[in-house]
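Structure first, commentary second.
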Amino acid sequence: MKLTCMMIVAVLFLTAWTFATADDSGNGLENLFSNAHHQMKNPEASKLNKRWCKQSGEMCNLLDQNCCDGYCIVLVCT
């Protein structure tokens, strides 16, 4: 019983240690915020201005509702 408890504690500790010391090589949020700040200063170079949505008559995704102006009905933007 003690061995089982020790094993459970060890696994939990190692899991927590792995998440706490994981290296974010892409520097995720920091990189995202600096890019967004740069794009606000230079809106012509901004990728945020490019629309990801679908125009009327194009195929769409029912779950995301990715139509620009209307709604996604039967997988086609209206």
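In case you wondered, yes, glycine gets a Cβ from its N, Cα and C as well.
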Among CYS5, CYS72, find the residue that Swiss-Prot gives as the disulfide bond partner of CYS60.
CYS72
Annotated methionine sulfoxide residue, as Swiss-Prot has it, among MET6, MET59:
MET59
From CYS53, CYS67, partner that Swiss-Prot gives for the disulfide involving CYS77:
CYS67
Of CYS60, CYS68, CYS77, the disulfide-bonded residues given in the record, which has the fewest other CB atoms within 10 A of its CB?
CYS68
Among CYS53, CYS67, CYS68, these being the disulfide-bonded residues, pick the one whose CA is nearest to that of CYS60 (disulfide bond).
CYS67
